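S.K.: Below, the features straight out of TrEMBL:
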| type | residues | note |
| --- | --- | --- |
| TRANSMEM | 14-33 | transmembrane segment |
| TRANSMEM | 84-107 | transmembrane segment |
| TRANSMEM | 128-149 | transmembrane segment |
| TRANSMEM | 161-181 | transmembrane segment |
| TRANSMEM | 193-217 | transmembrane segment |
| TRANSMEM | 239-258 | transmembrane segment |
| TRANSMEM | 279-302 | transmembrane segment |
| TRANSMEM | 336-362 | transmembrane segment |
| TRANSMEM | 382-402 | transmembrane segment |
| TRANSMEM | 408-432 | transmembrane segment |
| TRANSMEM | 439-462 | transmembrane segment |
| TRANSMEM | 508-531 | transmembrane segment |
Amino acid sequence: MGDVVQMHFTVADYVIFALLLVASAGIGLFYAFSGGRQRTTQEFLMADRSMSCLPVSLSLLATFQSAVAILGAPSEIYTFGTQYWFLGCSYFLGLLIPAHVFIPVFYRLRLSSAYEYLELRFNKTVRVCGTVTFIFQMVIYMGVVLYAPALALNAVTGFDLWGAVLAMGLVCTLYTALGGLKAVIWTDVFQTVVMFAGQLAVIVVGASQAGGIGQVWSKAINGSRIAGLDLNPDPLERHTFWTLSVGGVFLMLALYGVNQAQVQRYLSSRSEKEAVMSCYVVFPCQQVVLCLGCLMGLVMFARYGEDSPLDKGYVKTNDQMVLYFVMDVFKDLPGLAGLFVACLFSGALSTISSAFNSLATVTMEDLIKPHFPAMAESRATLLSKGLALAYGLVCLAMAYIASLMGSVLQAAFSIFGMVGGPLLGLFCLGMFFPWANSIGAVVGLIAGLAMAFWVGIGSFVMRISSSATPLLNTTMAPAFENSTVMPFLNVTTKPRPTGVEALYSLSYMWYSAHNSTTVVIVGLLVSLLTGPMKESQLTPGTVFPVLGTLLFFLPERYKEKLCCRTSLAPKLRDGSPYRKTVEAPNGSALFKEDSVAELESTGAPPNDKEKRCSLVAVAGLSLQETAL
């Protein structure tokens, strides 16, 4: 095994990389000094709820497409073949369910933080538990997302490691803290274009050097890299059609359904229809991104065949292989390597800036505002900017800690992914099961997290300490903002594990499904034992009426006992402006004038008290305020 081969940037590469950072910072500064100048928390955290469909959808995509995915997907395809492509089948349900279930509930309740929903549905304790879990999840992930591409770049090109980390971290903190959500969304749009351009450049140049796409395809077939449909239902198999298309749905729901970074984008849309449309627009974009990753992996195989740079010792890990390949392909084309590195760092910037903004939002809305309901708007906005700045510095500290972890980087990814499943389970428990109570929600969340850490850490320890099957080739699966990255092995066939070992061998793609199901089952059992909630105790609009639809054939009295008569909140008028807010007892911002207009638009007569009370409860107004 030789030493790691280092290649070097040209002046043109440095210029293109610097332009990316300058342009990103420029967009942030533009929104800091234009429009409302980020003087209100609504503008800073929610972009004044004025965003249209296209920028929101591209921002959703950029948040999802982290630098680790750009590095991970091609090396996954190169090493194991195109089976991973079937993950695209999960995108359909993974976006359709958020579009028609989660978005209507969140949007009509007019939330700023997804965790406000947990207080409306359960109580303040559940809200705080959800918020703290999310903060823990994102803080761990931020440092790794910042450090991983910088480490790969340093190993392959000798590019200064901490120079890259500091440049990314500080630029990201600058435009997020100054420009708010508008800056984050529009930089995401710019960074998405750079990502597409960088990946396309690699594929076009790499394929032409390999003799064209036809030659790439035939080499992939000869090398057994084009995978067929593997219908093996075994959940212990790392990647099969069922693992990717069904397990992937839960992974997508954890990301696109309940993750604050994505929910905040839906809620920044100017109308519910625009929010739903943004979900639909993301679908084809994701398929394109997945295909680009797969094509890049096949072009890599056409160039190197079975004789990979990793086997030759030119690089130390699989995630450095993509950068080595890019530098190799572009060695005679100055500037294009810089374009791909800009693409890579765009993925990191978009993920980190989304994390900063969503962390500032949940900290402000869930942990500070409820305790200081009378806080002046100017002070609240200044504090929100301070929080975004503080989380930026925490991110740099986490990058330093990630540098000390060594091989535990993969464990950090695993810990991040373990948290997404239980949070999905918590929201599903509240949204689909009307009789679930707050005790069940808290106990269910704790049980889900305990199960996630038990299986995840047990799996990691078992694989590391297993002397009978040494690690021949440890690689890293592509990570999305809410996926689990587990070390997996390229070893000879071994006996099927049994008992607790089978649990530890569960495919990482099933983690979200397994952990969210644990939360729901434990939460329902505890709720039934401690006294299930009655329909009259529910805040209207917090339960999605799936049970009522499924059990339509039951008589009314049974429906009432099973809480099957709950209905979704009335649809708010698309494009209605947000007017004067009133403060609810729980510290949430509620919208008085819009709510009254909604009452009038329903045509509910003054004596139709049940209907009007339901609408009022959704809007968070007291009966006295609407003069019933």
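Cβ coordinates come from backbone N, Cα and C, glycine included.
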S.K.: Given the cut-off of 8 Å on Cβ pairs that are 6 or more apart in sequence, determine whether the transmembrane segment (14-33) and the transmembrane segment (279-302) share at least 3 such pairs.
M.R.: no
S.K.: Where among 84-107, 128-149, 382-402, 439-462, 508-531 do we find the most Cβ pairs under 8 Å to the transmembrane segment (336-362)?
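M.R.: Ranked by Cβ pairs under 8 Å, first place goes to 128-149.
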S.K.: Decide whether the stretches the transmembrane segment (382-402) and the transmembrane segment (128-149) have at least 3 CB pairs under 8 angstroms, with pairs required to be 6 or more apart in sequence.
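M.R.: Result for the transmembrane segment (382-402) with the transmembrane segment (128-149) is yes.
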S.K.: Return yes if the transmembrane segment (84-107) and the transmembrane segment (161-181) have at least 3 CB pairs under 8 Å (sequence gap of 6 or more), otherwise no.
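M.R.: Answer no, regions not in contact.
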S.K.: Should the transmembrane segment (508-531) and the transmembrane segment (128-149) be scored as in contact, given a threshold of at least 3 Cβ pairs under 8 Å and pairs 6 or more apart?
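M.R.: When sequence-distant Cβ pairs are counted, the transmembrane segment (128-149) does not touch the transmembrane segment (508-531), since fewer than 3 lie under 8 Å.
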S.K.: With pairs closer than 6 in sequence left out, are the transmembrane segment (439-462) and the transmembrane segment (128-149) joined by 3 or more CB pairs under 8 Å?
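M.R.: They are in contact.
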